[in-house]
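Below you'll find the structure, written out as structure tokens, and then a few comments.
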Protein chains: 2
Amino acid sequence: MCSSELEEPLTYFLQSDLAAKGIEVRRRSDFDDVLTANILAQDANEIPDDMELTAYFAIGIEISDIISQIKAKLLELKNYGFKTDNVEFKVIQVCDKMWQNQWEKFYHRVDFSRSLAIVPEWECPKPLNPHQIVIKMNPKQAFGTGTHITTQLMLMVMERVLLSEMSVLDVGTGSGILSIVASKFGASNVCATDISDDAIASAKKNLALNDIDNVELKQANLLTGVKGKYDLILANMLAEILYQLIPHLSDHLARNGSVIMSGIDCEQLSRIEKLLSENGFTVNLKIQEKRWFCILVSQKSN
Amino acid sequence: MCSSELEEPLTYFLQSDLAAKGIEVRRRSDFDDVLTANILAQDANEIPDDMELTAYFAIGIEISDIISQIKAKLLELKNYGFKTDNVEFKVIQVCDKMWQNQWEKFYHRVDFSRSLAIVPEWECPKPLNPHQIVIKMNPKQAFGTGTHITTQLMLMVMERVLLSEMSVLDVGTGSGILSIVASKFGASNVCATDISDDAIASAKKNLALNDIDNVELKQANLLTGVKGKYDLILANMLAEILYQLIPHLSDHLARNGSVIMSGIDCEQLSRIEKLLSENGFTVNLKIQEKRWFCILVSQKSN
């Protein structure tokens, strides 16, 4: 159990640094509608006070070691201003089957907007209206399920920007969600990179699930080995990694191209803006939800 | 000729306070694409350095009086932090026919997003993709042509929020653009108010142009005389008018309803947020473009 503002940084840390095999997040607010619809009492008892974040690790891993690393990360986040006082830990050994059941019970369709829905593989992919595009996801293995704020803000800006047949570069693709949406939104071709084996495997599965054939997956650290220039670069990652990315953006951005960056904590926005300006970029649009910013960036025109 | 940040407040002032019969805005940036496409040299000479704002008044009006009122408004805006030093005035007498030609020459289609285009009545309403909804507008008579930043930010949030058959209240509808979009996005019914005769006439014309029959137009000052509660309230107007509106919102907002407010200059955001909080509201999402903020607001949950 922990405060919901910890969701993004902890999810990222658990997957990237501690190699968690899967992450499940349940927020009190996710159940508001369900609660009013008279769900079974035993399920109601399972609903968290604020947020419950479950990370799944392989059998045989040293769990006390994992917990002490999480505690050190929480201390670091506390210094950034996050509320970390009310975090409780619980360790349970589960079989594969139980994990799958838990997952399917609490991960549901996100009707992200009139024009886009993200639906788990095991639910009905019927659109809300004739204009809605439905993306199917099996998000178990990697970051980016469409339920995270940073991903949602990214999608909002993509809906506005992806008007024509653009070439798209998706840095740190995770589950592949942004590449799949870009392709469905009419991108001519997409290059998606991720450093993690699990992400590449998961993205591959999700691309197939959506019959996408114009996304090239590349196992790489950020832009290493990426060739060519793109009309749109997507970077949904924590600010610490955006710092490393920014100096290399112009090598891969086509003339009049745009960059959408998400995953920026409010405390880090001014440093990101300064770095962007030093590298010849200007911020055209900012969206904020809770502590998180997503920005639309282009090259300065002079 | 003036600095482009003056567009919104001046447009509003010219129409509401000085009863301009029509407004035309031409920005340098609107012509970037056209310029590269080899337009005729005589048209290129007509393109403004930054922004040109043309207001049309009825024949017989005392023009020196109008100019001194504009100058007083500019002084007020200067105190808000706007750049007003490089404003130039030019007065020309035009016939009706010429006005119409000027208008049609420079007001063009706005492909606002993948899912929405705003197209002048005299242009081809073909969608960019099978999912795009096209709204036809004859925007000559009233505020809100889809080219203003504050309207565009509003539309971005509407795309995200209008998922189901909501009832919508559009306060200060101007040309009717937001009511038309709400209806096309699936609103069950819309009530649109405006104090101005010209706005009501223009909205009526634009509703007919788009075959909309579930929008009720009401000539009223803000919420005066409005009955009932709505799932979504739209308020695209200058902050000074939002101040008056906020204390009355909860009388007309359904349980779990949302309000989208646009037209907030960055200097006025904190005052708006304070007033919202005092009236039991919380801000869930903020979008900023240049000096302009649009916010998504709901009632505090306790």
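The backbone N, Cα and C atoms fix where each Cβ goes, and this holds for glycine too.
What TrEMBL annotates here:
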type	residues	note
BINDING	A:T151, A:G172, A:D194, A:N236	S-adenosyl-L-methionine binding site
Of all the Cα pairs drawn from A:T151, A:G172, A:D194, A:N236, the residues the record ties to S-adenosyl-L-methionine, which distance is largest, in Å?
-> 16
DSSP state at A:T151 (S-adenosyl-L-methionine binding site), helix/strand/coil | helix
Looking only at Cβ atoms, how many others are within 10 Å of the one on A:D194 (S-adenosyl-L-methionine binding site)?
-> 27
Within 10 Å of the Cβ of A:G172 (S-adenosyl-L-methionine binding site), how many other Cβ atoms can you find? Include all protein chains, please.
-> 27
